[in-house]
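Chemist: Mind looking over this structure? Questions follow.
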Amino acid sequence: MTDLLSRAHADALDAADPLRSLRDAFVFPQHGDRDQTYLVGNSLGLQPRAARAMVDEVLDQWGTLGVEGHFTGPTQWLTYHQLVRDALARVVGAQPGEVVAMNTLSVNLHLMMASFYRPTHERGAILIEAGAFPSDRHAVESQLRLRGLDPATHLIEVEADEPNGTLSMAAIADAIAQHGPRLALVLWPGIQYRTGQAFDLAEIVRLARAQGAAVGCDLAHAVGNIPLTLHDDGVDFAVWCNYKYLNAGPGAVGGCFVHERHANSDLPRIAGWWGHEQQTRFRMDPQFVPSPGAEGWQLSNPPVLALAPLRASLTLFDQAGMAALRAKSERLTGHLEQLIRARVPQVLQIVTPAEPMHRGCQLSLRVAGGRAQGRSLFEHLHAAGVLGDWREPDVIRIAPVPLYNRFSDLHTFVGQVEAWAAA
């Protein structure tokens, strides 16, 4: 083993890491007398230490002010959702008026499709990737059926064309060109949840808009993971969850982006009173006057207690900056790839693309010997306090998150793989 693959080298990298102090801003689950080796921030991010104080602040305001907390106090609930707006916009590469924290991902996807999926007799198809996250597929199929359309004829899936189960841009481009005259909407992920493949959203937008289709994105595995430029890319809408890389807690409030070209449009929408312009909302007029931008798609008043942990996490993103986080992420995941290829190549096959521009922090791994061996390794890791996650039928996902993971965590993971293989 070369020095570059030694734990001593990893410890040196950790000592030189300019972001190392951010780890102390999170609460780690324990395994015996030590922190878990937590490599599953792609499923649920860790709790920011500041989250408890920010939740307590809301509880204290509720206890002392009651309903008046909507309009008075240190953080008025009427505008609490706007406390996370600017930081969210920086994370996704948007203008502040293009983003809002509301609802959850699947709810927001339905709201966006109600506005942006406008099928006609000639143009009614929706294009997605084969193997999309099930909730996305459920949403798409139900939207088609709500319009009286058959998913068998109006849902187009782009099949993986690479040996590792990923998609080439050529395959995506060919599908958009082939079905272009029929396409009403292209719904695409920033990162595919099972394989960890990242996509060139700007190019997908260019191809789809050239065919006259709208473009929406599911950014569940991209937001807070890779730099995004939604405004410049020209995406019509995007939705995401905030409980993975944005560390806002289980079942956290979601996020939504609507490009500013739609800010004052007359697009049909499913409306609610919190989407009404703020200045006249409490007049209780019967006519709906939408707030400009993404806030005009809000339905009900924001879940303030759920927004508080997101606010705590976004403070850390502003402190670090997405560029620095991405630079560390590329080094972490690159080091993990090196370790796997050097020490356990006979055990683990890397599904995720090798090029940093085509992945985020996650590596999706298949275990030699098939599903039974994969489950055996996964359970061994869990028992040893090394947490990744499992996605059927046969993938272990490992995600070194730059906010709180260390290079030495990757040695712990690979060391446990070696121990399992030797048993």
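Glycine is no exception: its Cβ is also placed from the backbone N, Cα and C atoms.
Swiss-Prot feature annotations, pasted as is:
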BINDING   L105, S106, F133, P134, S135, D136, D218, H221, Y243, W273, N301  pyridoxal 5'-phosphate binding site
MOD_RES   K244  N6-(pyridoxal phosphate)lysine
Chemist: Within 10 Å of the Cβ of Y243 (pyridoxal 5'-phosphate binding site), how many other Cβ atoms can be counted across all chains shown?
Modeler: 25
Chemist: Can you give me the same-chain residues 6 or more apart in sequence from the residue listed as 'N6-(pyridoxal phosphate)lysine' with a CB-CB distance under 8 Å?
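Modeler: Looking at Cβ-Cβ distances below 8 Å from the residue listed as 'N6-(pyridoxal phosphate)lysine', excluding near sequence neighbours, one finds G41, N42, S43, L44, G45, A220, H221, V223, G224, N225.
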Chemist: Looking only at Cβ atoms, how many others are within 10 Å of the one on L105 (pyridoxal 5'-phosphate binding site)?
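Modeler: Result for L105 (pyridoxal 5'-phosphate binding site): 23 other Cβ atoms within 10 Å.
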Chemist: Hey, what's the widest CA-to-CA gap across L105, S106, F133, P134, S135, D136, D218, H221, Y243, W273, N301, the pyridoxal 5'-phosphate contacts in the record, in Å?
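Modeler: Those residues reach a largest Cα separation of 31 Å.
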Chemist: CB neighbours of D218 (pyridoxal 5'-phosphate binding site) within 10 A?
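Modeler: That number is 29.
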Chemist: Reduced to three states, what secondary structure does DSSP give D218 (pyridoxal 5'-phosphate binding site)?
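Modeler: Looking at the DSSP assignment, D218 (pyridoxal 5'-phosphate binding site) belongs to a strand.
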